[in-house]
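A.B. asks: Before I ask anything, let me first share the structure, which is written out below as structure tokens.
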Protein chains: 2
Amino acid sequence: MRIGVLGAGQLGRMLALDGYPLAHQFVFYDMSGNPSAGLGEVMIDPGNEYLDDFLSRVDRVTYEFEHLPVSVAETMAQHKPVHPLPRALAVCQNREYEKSLFGELGIPTPQWRIAETPTQLHEAAEALGCPVVVKSTTEGYDGKGQAVLHDPDEAEEAWDGIGHPRLIVESFVPFRRELSIIAARGEDGELAFYPMAENVHSEGILRYSIAPAPQLSKTVHEDAERYIRLLMNELGYVGVLALEMFETEQGLVANEMAPRVHNSGHWSMNGATTSQFENHIRAVSGLPLGDTSARGVHCMVNIIGQHGDATDLLRLPYTHLHLYDKQARPGRKLGHINVEADSYEELVWRVRNTASFLPGSPDFHCSLTRRR
Amino acid sequence: MRIGVLGAGQLGRMLALDGYPLAHQFVFYDMSGNPSAGLGEVMIDPGNEYLDDFLSRVDRVTYEFEHLPVSVAETMAQHKPVHPLPRALAVCQNREYEKSLFGELGIPTPQWRIAETPTQLHEAAEALGCPVVVKSTTEGYDGKGQAVLHDPDEAEEAWDGIGHPRLIVESFVPFRRELSIIAARGEDGELAFYPMAENVHSEGILRYSIAPAPQLSKTVHEDAERYIRLLMNELGYVGVLALEMFETEQGLVANEMAPRVHNSGHWSMNGATTSQFENHIRAVSGLPLGDTSARGVHCMVNIIGQHGDATDLLRLPYTHLHLYDKQARPGRKLGHINVEADSYEELVWRVRNTASFLPGSPDFHCSLTRRR
């Protein structure tokens, strides 16, 4: 089967690497004009001039990247099966739609308001109680358009800084940690859930994902599975979906979802029988899903900005190196390292050792390293 | 680093799949005119007209296939590092050189003689005692040129049937089973040994490889490691080497070696921390070797001649499917399935279940299934 992938970055690359052994072929369709890590055939078509050509070369379409015009996905869906369905894209591109959908399905979120003027932003901050997190409802590629208000009087400045006509204002959620759940849904509605991951960010970039998340209560995992099942069934979803959440004293609070394979699931390449990439391709191509259970405990360490010395990293017997063949640039995801261990105690030691060979890597702080 | 691979079949394909995550790029160079399972850039050049072009595109050269002109490898080695060294090719292309090298290094082999006439063949069969196995010293691509003599008087008929001017005559070795060892040697002489595999053939084709080989004595494994170490050091070998042996009452007897990744090591893709493919690429590109130990027990089941139904196979939670994207044809290797288990008892059951979905697959008979 010929799979067309919208986007040509590292996620598409890893989808292909896990899809070739299923005898699939891949064509990447890049609208950015700057494919970063494509493998094999990449069509660069920022103006959508060669859409027919692309569609004639593929049997199914999927994406590795959600910031693409919904209309393009909808056009494609008139000719070839596109999964996940374009509606999933539309929801993920708009924080208001996303939070509304969470609410409709009974998935807890932070309290939120919409602001269309600086005055409404001021009122929302007052009503919710500062600090509040302010974001544009829709987002460009650059991840800009966010602010934290510590006082309602900062509303005007934040409004000007973000420069967007419609903002979502969220109450700040005091959380113990960030968790994510990744699940796959097949064409026949079959579901498979990966163990949850604990995610550690630094400067807005994911740095570490530990899976299965340590010290996780059964109730929390069941809640997460219920939430993501509700979302996938509602969206008629086929493929892999990621749901990012905060763990709070009152239970899980949903933050956002990604309609694709996700950085917090990269551990599954070496830690689960079937990786998230293979399961996404299985789902999209109408095949049965594979086993998602974890063997041992794992931590994914992102390689950000600088490559480090591959020789040092490869000498560590418990690591798996995954490079994306991209040029180094500050803040850019260049690859990741999957670290495996038999116990969390051993994992902490191994992750610290691994990170010591990655220049600029932040200290490994997570629920395992906190004093109790 | 840009790696040039001589040959473009499934072994090259799997080398690339495990080499891309090290940020390597691959160019395949096919002299057969009929690349079967290439991935990415394949140069088809049966007449070696574009050798310079190929060499200008790569930093290192390796091969997935040993039946290629040694002179071509030697020419390449004058311009770019070629590993394993062309001498390894020369040895593996000639059963007489191979057996002589085994003998020089003290590696046990069956007794053997060279025959250059039907009369010499008759004499050799008498001297060694029938049955004897007769093979041409050099072999074409088709694997023809073998016979078994049950009586010296069959010499003339066998001579005519093989039609080769120089034959090697080997005494028949009564063996308990066939074993192989696979090892990797780095540029700096570092060595890494995979656990040995037990190999089950049917109609001259490998069908099953079980790793680690069950009921294997420590002595036998140590002997195997010693033999392959001697070979690699003697050949200044860099990359992965496979050595096939018979297990007899008197210990191991070497059969043949392959200067490349080997079908009996495919289990390592899912069963070892670092697969044979990754370790070959690491070695050839001057990187440190990875951990070769096995997690659990494994059986590689070859998919021969017919694909079977991928959906059935993918429903089994303990299997990993690896297809080569080749057209089905009787006797052709189309893919393999890695089956994993925690115990050999469970493995036998799982392999039988897996094989039941592969049309034409022979019954699973091995040391585990024999009555004691």
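The backbone N, Cα and C atoms fix where each Cβ goes, glycine too.
The following feature annotations were taken from TrEMBL:
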- B:Arg95, B:Lys135, B:140-146, B:170-173, B:Glu178, B:His201, B:255-256: ATP binding site (BINDING)
- B:99-285: domain 'ATP-grasp' (DOMAIN)
A.B. asks: Counting only residues 6+ apart in the same chain, whose Cβ is under 8 Å from the Cβ of B:Val173 (ATP binding site)?
C.D. replies: B:Pro110, B:Phe246, B:Thr248, B:Val253
A.B. asks: Can you give me the average pLDDT across the domain 'ATP-grasp' (B:99-285), rounded to a whole number?
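C.D. replies: Within the domain 'ATP-grasp' (B:99-285), the model's average pLDDT equals 95.
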A.B. asks: So if I measure Cβ to Cβ from B:Arg95 (ATP binding site) and keep only same-chain residues at least 6 apart in sequence, which ones fall under 8 Å?
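C.D. replies: Once residues fewer than 6 apart are set aside, B:Arg95 (ATP binding site) is near B:Lys135, B:Ser136, B:Thr137, B:Thr138, B:Glu139, B:Ile168, B:Glu256.
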A.B. asks: Please report the three-state DSSP label of B:Asn255 (ATP binding site).
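C.D. replies: Its secondary structure by DSSP: strand.
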A.B. asks: Does B:Glu170 (ATP binding site) have same-chain partners at least 6 apart in sequence with Cβ under 8 Å from its own Cβ, and which are they?
C.D. replies: B:Lys99, B:Thr109, B:Pro110, B:Gln111, B:Trp112, B:Leu128, B:Val132, B:Val133, B:Val134, B:Lys135
A.B. asks: Please list residues from the chain of B:Asn255 (ATP binding site) whose Cβ is under 8 angstroms from its Cβ, counting only those at least six apart in sequence.
C.D. replies: B:Glu178, B:Glu244, B:Met245, B:Phe246
